[in-house]
Amino acid sequence: MSAIGSTSAQPQFIASTGNRSYSNAPLIENSDTDANQIVVPDKKSWKNLFAYMGPGFLVSIAYIDPGNFETDLQSGAKYKYGLLWIILVASCAALIIQSLAANLGVVTGKHLAEHCRKEYPRIPNFILWVLAEIAIVACDIPEVIGTAFALNMLFKIPIWCGVLLTGFSTLVLLALQQYGVRKLEFFIAFLVFTIAACFFVELGYAKPDPKEVLHGLFVPQLKGSGATGLAISLLGAMVMPHNLFLHSALVLSRKIPRSVGGIKEACRFYMIESAFALMFAFIINVSVISVSGAVCGSPNINAEDQKSCQDLDLNKASFLLRNVLGSWSSKLFAIALLASGQSSTITGTYAGQYVMHGFLDLRLKPWLRNLLTRCLAIVPSLIVAVIGGSAGAGRLIIVASMILSFELPFALIPLLKFTSCKTKMGIYANSITISAITWIIGSLIMAINIYYLMTGFIDLLLHNHLKIVAVVFLGIAGFSAMAVYLAGIAYLVFRKNKEVTHLLALTTSENTQMASEQGNASVYSLPREDIVSMQLPQRSTEDVD
């Protein structure tokens, strides 16, 4: 491999803005020495895929978090297999969207939040940052409640008390990472996959009708406004705004050859990696819905389980695994739920770091960043847990997932516009076909959100017991808020990109020819000194994975 110091004599493909903070380099370093960095060899080989494995699987943790489990369980209990098609559509959309996020980071050397700060004026940029922070808090609420449910099942701790304890649980995990972050993540993944295996086995006992499952997967249907709301929750739990910021940053942890072949290979392998990770998440979500639908829809279900199915939440779901685990069902489900919540919270902490730094050029230590986000998530969770108990906390997870779906356009539209822009992506900009597909996906997401907002609000106005004056003021406030929401989306859609990402090489035929003559120009990234302090907690020098 070429030495980094030789880059001045070879073509480079970096984002050059006159500021070293925007140089194209790893966002996360494992060590200060090259020996411990993840460097992709400058040669064409399928073995390079293993060097790219990691970011997609870390992102996919968010697709099997407590929020997904909650929405999956409720959709299966209420509509059997009728909403499986949402999981299929959302998974396909997630693969395309996450691949675009990875491409943006690989090609430009900057993640999505950094592009937003550079592209948009100060006020729109600040609003986008606030929305991104709200999305991260909304994503953290299911983790808080899921952890509280797990503590309740394990130690009989009241839900409201468990919510308070979650403020410290993730800080402990963040502290433990210095003793081996990979070991910790593998342990968490093992626990999550354990509960996935239990649901796979339970499928054999539940015996869902294959024809009904296939019908639910491939025949779209929404039976009533309740199904629409749950479908939006499923969509929000699958395609999350913070994942776009996270994925576009995590790919910068690899040092890849800055050549035409190197860039294309990185984009291709990141897509393959994302496909593997999302396929596994898809199978888990389908299994959870199928088990819930088969058990709750069974004619032989007993009265106690039937009552649990009517208002199913994470705190009651362990009975679904009784055939597999017997009396241990609640304990193992609780352990996996705890692991799921904590692993998802760690990824949320990383996403929050990148979002805050990208939009505001502001950095906080991971423990402080997590504490702030967790406190904002604890307040509504605690209020609902005290007033509504476990049922109210379960409904809050659905509301949080809906918020994520409503906020998705404010991360998705910039991503689509940036990756389709040749002045930013050069020869790696989206093709017309990819652009058309992604905009159709984005339009459908926005359309179903707007439809649900309008119909739900109109229904609220028509069926309430308020005085006419209050209804008028409520209508004015509600429609004004929807107008602002639509105006924000329109601004992002129709505003033309103005900032150019200066790609110094490999965008013209002359430079492409020069790169090929030099053997695809083995040029690697320079250090991103501005983000070194945001890296994962350092392990002790004695600990070597």
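Keep in mind that glycine also has a Cβ here, set from the backbone N, Cα and C atoms.
For reference, TrEMBL has these:
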TRANSMEM  46-64  transmembrane segment
TRANSMEM  84-106  transmembrane segment
TRANSMEM  126-151  transmembrane segment
TRANSMEM  157-176  transmembrane segment
TRANSMEM  188-206  transmembrane segment
TRANSMEM  226-246  transmembrane segment
TRANSMEM  267-289  transmembrane segment
TRANSMEM  332-351  transmembrane segment
TRANSMEM  371-390  transmembrane segment
TRANSMEM  396-416  transmembrane segment
TRANSMEM  428-454  transmembrane segment
TRANSMEM  466-494  transmembrane segment
Which one of these stretches, 46-64, 84-106, 396-416, 428-454, has the most C-beta pairs shorter than 8 Å to the transmembrane segment (332-351)?
46-64
Apart from its near flanks, which chain residues at least 6 from the ends of the transmembrane segment (466-494) lie with a Cβ under 8 angstroms of it?
124, 127, 406, 409-410, 413-414, 417, 446, 450, 453-454, 457
Listed stretches 46-64, 226-246, 396-416 vs the transmembrane segment (188-206), most Cβ pairs under 8 Å: range 46-64
Do the transmembrane segment (267-289) and the transmembrane segment (84-106) share at least 3 Cβ pairs closer than 8 Å, excluding pairs fewer than 6 residues apart in sequence?
yes
Same-chain residues at least 6 beyond the ends of the transmembrane segment (84-106) with a Cβ under 8 Å from one of its Cβ atoms are 55-56, 59, 63, 72, 75, 112, 115, 213, 216-221, 231, 234-235, 238-239, 243-245, 247-252, 256, 263, 266-267, 270-271, 274-275, 278-279, 281-282, 285-286, 289-290, 412, 415-416, 418-419, 425, 428, 430, 434, 437-438, 441, 445
CB contact flag for the transmembrane segment (371-390) and the transmembrane segment (126-151), at least three pairs under 8 A:
yes
Using Cβ atoms and a strict cutoff of less than 8 Å, what residues sit near the transmembrane segment (428-454) while being 6 or more residues removed from its termini?
93, 96-97, 100, 103, 107, 225, 228-229, 231-232, 235, 239, 263-264, 267, 405-406, 408-409, 412-413, 416, 419-422, 482, 485-486, 489
